[in-house]
Amino acid sequence: MAESKVAKVGRKKPETHLGMVRRARRINRELAELYPYAHPELDFDGPFQLLVATVLSAQTTDLRVNQTTPALFAKYPTPEDLAAAVPEELEEVIRPTGFFRAKAKSLIGLSIALRDRFDGEVPRGLEDLVTLPGVGRKTANVVIGNAFGGAGITVDTHFGRLARRFGWTAEEDPEKVEADVMAIFPKSEWTMLSHRVVFHGRRVCHARKPACGACPIAPLCPSYGVGETDPEQARKLLKYELAGQPGQRLRPPADFPGEAAARAELAVGHPLPDTDPQALPPAEPAEPAKSAEPARSAEPARAAAKPARSAKPAKAAAKPAKEAS
């Protein structure tokens, strides 16, 4: 009898839907603090370039795409130019991104559709975008959210993985993941939420070796423990892009919502990578917490998820360069 009583007392109550929603929105706020500069990491100038770059980004890194698109857009600057491309010549230009034959077919096909059906302009609506060859909901939402300032949740491999780890969904199908997450967050947050989650997935919550012990979201994550929990070992798993790599976008466009926050971070001593990581000043140490507001690092779970948030950008700049997964 005593044993069953102990078991009953120690059993954790299942999380209610309302509890999950509150926790999810708190995670979003935490991610907004961690990544005020979250932005699309594909280089682009206008909707057409973003559409093409997003199609090319399948099964490769944004860095690889950014290294490929300057030559691509120099040769094929408009939908009309790309629609008339010789497939073999286009394949050679985009070969570094992988799956170049299929991608070339999609790029020529979508460019023909833009030329013939949309007067050479990228349509703004999801329903029209997904009719283009090689364009699914993910690509359409990237364009809507980042080229047109609309709202869309981008469910790529990183977003889907973290949405499941965070307990926002149990679905594997991207469209079902998108629907579940849309029901949790206000529409105004969809685009930036996508960037923040993807940033975190690329840098901390990796597919094979998530750095649980170095994750500031750990106290809110029901999947804590699937990766390395030792803080020192976990810190070795963190991935950050450094400057000096051709094609590496380090800052969002000047008019992107996160840019103002990024500059504010710089003003208070939280530098972001710029050109030479060795030339960056170290981040200032975190100030002691005021008595009215306890320091977050004093929380037991948060303490296990060091390093301190204020030191993070400088630590990122000091690490050896790695290509984000």
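Yeah, the Cβs are placed from backbone N, Cα and C, and that goes for glycine too.
For the recorded site, CYS215 ([4Fe-4S] cluster binding site), the DSSP three-state label reads coil. As annotated by TrEMBL, [4Fe-4S] cluster binding site applies to CYS205, CYS212, CYS215, CYS221.
The compositional bias 'Low complexity' feature in TrEMBL is assigned to 286-319.
Residues or ranges marked as domain 'HhH-GPD' by TrEMBL: 56-203.
Among the features that TrEMBL reports, region 'Disordered' is placed at 263-325.
In the shown protein chains, 25 other C-beta atoms lie within 10 A of the C-beta of CYS212 ([4Fe-4S] cluster binding site).
For the domain 'HhH-GPD' (56-203), DSSP puts the residue distribution at 98 helix, 0 strand, 50 coil. Taking the domain 'HhH-GPD' (56-203) as a whole, pLDDT averages 96 in the prediction.
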